[in-house]
Amino acid sequence: MIQFDNVNKVYEGDVKAINNVDLTVPDGEMVILIGPSGCGKTTLLRMVNQLETISSGSILLNGEDVTTLDKIEMRRKIGYVIQSNGLFPNMTIEQNMMIVPQLLGWDRAKKRDRFNYLMDLIGLNPDEFKKRFPHELSGGQQQRIGVARALAADPPVMLMDEPFGALDPIIRARLQEEFLQIQREVKKTILFVSHDIDEAVKMGDKIVLLRDGEVMQYDTPAEILNHPKNEFVNEFVGSDRVLKSMSLYTVKDLYKAFTLKPNFESKDIRTINEDTSLRVAISMILNQEADQLVIEDNEGNNHGSLTMDLLEQFLHKEIKGQEG
Amino acid sequence: MNELIEYFVKNYPFLWGYMLDHLEIVGLATITAILIGVPIGIYLTTNKYLAGTILQLASVFMTIPSIALFGVMIPVLSVINQGVGFLPAFLALVLYSQLPIIRNTYTGIQNVDPQLRDAANGLGMTTLQRLWKVEIPNAMPLIMAGVRTATVLNIGIGAIAAFIGAGGLGVVIYQGIVRANTTMVLAGAISVAVVAILADFILKLIQKKLTPKGAN
Amino acid sequence: MDTFNKRTALVVKILLWTAIAAFFIWGFSQGMFRQIYEQPGLFLELLGEHVLIIFASGFAAVLIAVPLGIFVTRPAFRRTEWFIVTVANLGQTIPSLAVLALAMGVLGIGVEAAILALFVYSLLPILQNTIAGLDSVDENTKDAARGMGLTNLQILWKVELPNAVVSIIAGIRTALVINIGTAALAYLVGAGGLGVWIFTGIRLFDNSYLISGAVPVTLLAIAVDLLFRYLERVLTPKGLILAREANEA
């Protein structure tokens, strides 16, 4: 758990970079720090592992004030991933990934097992990549290694500073998916800096929206999208926020909310799986110029049909209903 | 210290004369070296095989100690009765200048953004126009840096040329050593150092002037 | 066009080697190398003096310049870096002959003066290259290292120095090659070396002394240059060669 308790950062000449930040990153959750450039998100992240000093207030890591901990020892227990991967060009992939375990004095067998496990986790062949060097790898592979290196000593906490920001959109989306998969398995406590609201919505259990070093809103993605607290949040998440929020719901959420009759009328109507997001459902209806899609669960059971009309009702119920 | 100042005051005209000699030989050699080196550097951009050979050769020449080069040139040039004096010194300085000038011209032109070259072609420039209006101006900072390196180098080597009878400030140092006159040695050494530093400074200013505002 | 270029390069290469071969054939036929085989003892003695001056000064310079370069690039002393770099740049515009003469002013005639001059003169390129090599390490890489809990010493040892090693060796190469030439002038301050024969040759107009002194000095300089270029290649971590290739592509 990471707790920020009334944290401030003041630069020379009274420039406030971080202003009274209070927030908690619960164990096993991924919290996204987001905001316009210069909002202090990276500074806030770097204050946790003491790469930046804290002017006042305190940051507690599992109940202990970070400033009282030994910096070097503490950093070895925190995974750290940066945008430009920061891999050491003079070391092989294996040496890069096993640097912290090596510093911690792990024996060879333990390091080898860990290396193989992590390479499996990020979907790269351990034997093929072991002896290769960072510059022989593609950008996406380098960043996967960067993530795996942070996980090497199995730290409970991870700090990630725009880890996928330098990748092209297709690779970025794939790495996001992969990392979500990994996180489901390893359940780390993660603070994650992003500048991309779509990434934040997709990845975060919760989102912190910062402006000028102040927290504007700290909520789940759905709350931030559906109920922006103020004009700034509203503008930041964009005018398509309702559409974005639809990506947080699945077809299953929709049919559970209504009592629908199975639809057996027509055989050639397209079906839609219950795990599909509503955002995709909307575009399917619009693209195919179909009036309805038959909802199917994973067992192939028919759960009635999905129409634009039904989507609108759901929207009303979930979003506008709560607002009012 | 006082002795040194006294020496400078007393021998001002004598030192000045040697300095002019020094500048003359270095200046002539550098100008000749530019006239030879820049075209070679430009030509090499069209032949990468030859570029490898020539740049290697020039870098080997740079590693040859100047006094040794003089030592080799004297017997060779004495075949045409020019063993000592101006010619071997002049030739040595021209040779030493070739590496920085050729290399910097070559790299400077190679580094011109391919898109600029493309644009120039697209505008219908001939090869010569492109070279003159696009490539050389953009390579100018690097070419001038090469000239600067060559000049500073030559001022130092020029001091050694005194030993083979080419004159210049090296004579003051040489005579000081022969007469075991430390003041004279210092006066000569300081003069050469000051000339080198001043030349470096002035050429840096010229380099700035010759760099087109937009080029980096 | 390409084959034409290749052919031109080949012709130039053949011409060069022919010229070099012609020089040696001419030199030997005129007995210009005779001092070497007529007085082999003296030749080896002079060569020994030459090499001693170079390596004593070079070794001392490495011992001082590399740690100094590491020192001024530490965050706490960053402010001194600008000053040191400026001095190193300026110092290199001072001709080697002047430095040699100044050293004689301090220590008088003898080997010590030559070694002092060469030592001071070697400091500059080694220092400059050490600083440049350490500074060339990507800030993000160092940040990642700090964030992972490497101590400053570990960052220096595992990240910065391996990345700077090539540049440092290049600095040593530059220093040694300059020193070989300057050591040939050491005769002037009474330190011996192969310069003795070169200057004797100049004074007596005797080509055999000139060639017997100048050619070995030249070959020594070229050999040291090649040796250190080879060392640079061998000692460069493989990952860095790949990194450089990736950046150039």
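Any Cβ shown, glycine's included, is placed from N, Cα and C.
Features reported for this protein in TrEMBL:
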- B:19-203: domain 'ABC transmembrane type-1' (DOMAIN)
- B:25-45: transmembrane segment (TRANSMEM)
- B:57-77: transmembrane segment (TRANSMEM)
- B:83-102: transmembrane segment (TRANSMEM)
- B:152-177: transmembrane segment (TRANSMEM)
- B:183-203: transmembrane segment (TRANSMEM)
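Stretch with the largest number of CB pairs closer than 8 A to the transmembrane segment (B:152-177), among B:25-45, B:57-77, B:83-102, B:183-203: B:183-203. Panel annotation: around the transmembrane segment (B:25-45), residues 51, 54-55, 86, 89-90, 93-94, 97-98, 101-106, 108-110, 131, 136, 143, 146-147, 150-151, 154-155, 158, 161, 166-168 of the same chain, lying at least six beyond its termini, place a Cβ under 8 Å from a Cβ of the stretch. Using a Cβ-Cβ cut-off under 8 Å and counting only residues 6 or more beyond its ends in the same chain, the transmembrane segment (B:183-203) has close neighbours at 3-4, 7-8, 11, 15, 18-19, 22-23, 144, 147-148, 151-152, 155-156, 159, 169-177. For the transmembrane segment (B:57-77), the residues of the chain that approach it from at least six positions outside its boundaries are 83-84, 87-89, 91-92, 95-96, 98-99, 102-103, 157, 160-161, 163-164, judged by C-beta separation under 8 angstroms.
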